[in-house]
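S.K.: Take this structure, written in structure tokens, and hold onto it; I'll ask about it next.
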Amino acid sequence: MKEIILLKYGEIALKGLNKQSFESVLLKNVRHRLRLLGRFETRAAQSTIVVEPLEECDLDLVEERLSHVFGISAITRAAVAQKEMGDIARVALEYLADSLPLVSTFKVEAKRSDKTFPLKTPQICEEIGGLLLERFDNLSVDLHDPEYRVVVEVRDFGAYVHGVAHKAAGGMPVGSSGMGMLMLSGGIDSPVAGYMMAKRGVQLCCIHFESPPYTSERAKLKVLTLADKMTEYCNTFEVHVVPFTRIQEEIKRGCKEEYFTVIMRRVMMMVANRVAKARGCGAIITGESLAQVASQTMQAIGCTDAASELPVLRPLIGMDKLEIVDIARKIDTFETSILPYEDCCTVFTPRHPKTRPVLEQIVREEEKLDLEPLIEEAVSGTEKLVAILR
Ligand code: ATP
Ligand code: MG
């Protein structure tokens, strides 16, 4: 008996005329996700992607991996039958032989997108339902709240008998909402911010600022490990590593200590904007959450925003740390994030950072620096790496 996987669309199913472009991004992502798991035929029709293995493979693993692809709301394993009642009945009996003895109530649902199929859906349900009742003594029918739903789908390219459906990742296909530059630190928050925007269809591009020798090689490797882990949900993406030491030293040397953090974050924004625009990104993404630290007050965020030409997306802005940690655990970045390596933001932190900076004062202070050549130097020294979904 041949088994396949059906992927049901989430929000894309509701799209109108441009549904096809979302669908093609999703199909591309599904194929990219599957490429190292075996040989498959994948095709899309009627808000479903059919994944058909062309060789022996571990379908449990395939199902698990596909449950992290955004744009899919549910995953169902199904057995393939010929489009003919005798074969549908045979496949249903065989495929459900292990599951149905474990439940007491069931219901058959039928979907018939092939309108040339001779039986209408109520007749399909009646026939298959009757047969299962006859075969399994433990079963009775419950149309309203059955323990098990047997689904028979008659589609253009075959008939399917479903097993249990599992909830999938939801969201929009990565890449369908354009590209965004995530400022990725080694902390807990920014990987979660990246995950949340990827869920809304953003293809990430990441930028990380390092300050050797104040930050170590291990700190950089930690960020690259985080990026690798994020690919599970966020797909393959670039990571740009910016040398930030010189800029930080210049800010420390030239500006008032209490302004250090705000100015540093503004310059990060300026560099991120340059790299983002060169890569075709339409927004900057950060892991900031209101009131979490001194640089995340409304006034400080306002000063950072003023340094960005691109819109700044902050998906965690209204979230508590514990909520963020829950997601970090779910996406398996938490354990890496809490490794105790230094971040460039913790280098030269002032004793009393300004929590309510005033933009005009900050800009005046910043003008003491000759920023343009420093930014140029940082951008041109940027190392480009790629985190590849495996
Ligand atoms: P995180 O857990 O993400 O490190 P945080 O609470 O430590 O966040 P900050 O250090 O103030 O907060 O950083 C706020 C945001 O600034 C981060 O979420 C991230 O988007 C960005 N950021 C901080 N440090 C870096 C860095 N070294 N490289 C790139 N982006 C950074
Ligand atoms: Mg941080």
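Any Cβ shown, glycine's included, is placed from N, Cα and C.
According to TrEMBL, the protein has these features:
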- Met183, Leu184, His208, Phe209, Arg265, Gly287, Gln296: ATP binding site (BINDING)
- 60-165: domain 'THUMP' (DOMAIN)
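Burial and contacts for the listed features, if you can.
M.R.: In the shown protein chains, 27 other C-beta atoms lie within 10 A of the C-beta of His208 (ATP binding site).
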S.K.: Please state whether DSSP places Arg265 (ATP binding site) in a helix, a strand or coil.
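M.R.: Its secondary structure by DSSP: helix.
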S.K.: For the domain 'THUMP' (60-165), give the DSSP counts of helix residues, strand residues and coil residues.
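M.R.: Computed counts for the domain 'THUMP' (60-165) are 36 helix, 36 strand, 34 coil.
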S.K.: Which binding-site residues of Phe209, Arg265, Gly287 contact ligand 1 in the sense of C-beta under 6 Å?
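M.R.: Among Phe209, Arg265, Gly287, near ligand 1: Phe209, Gly287.
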S.K.: Provide the number of Cβ atoms within 10 Å of the Cβ of Gln296 (ATP binding site), excluding the reference atom itself.
M.R.: 21
S.K.: 10 Å Cβ neighbour count around Met183 (ATP binding site)?
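M.R.: Around Met183 (ATP binding site), other Cβ atoms within 10 Å: 23.
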S.K.: In sequence order, which same-chain residues at least six apart have a C-beta under 8 angstroms from Leu184 (ATP binding site)?
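M.R.: Listed in sequence order: Ser190, Pro191, Gly194, Cys206, Ile207, His208, Val223, Leu226, Ala227, Val239.
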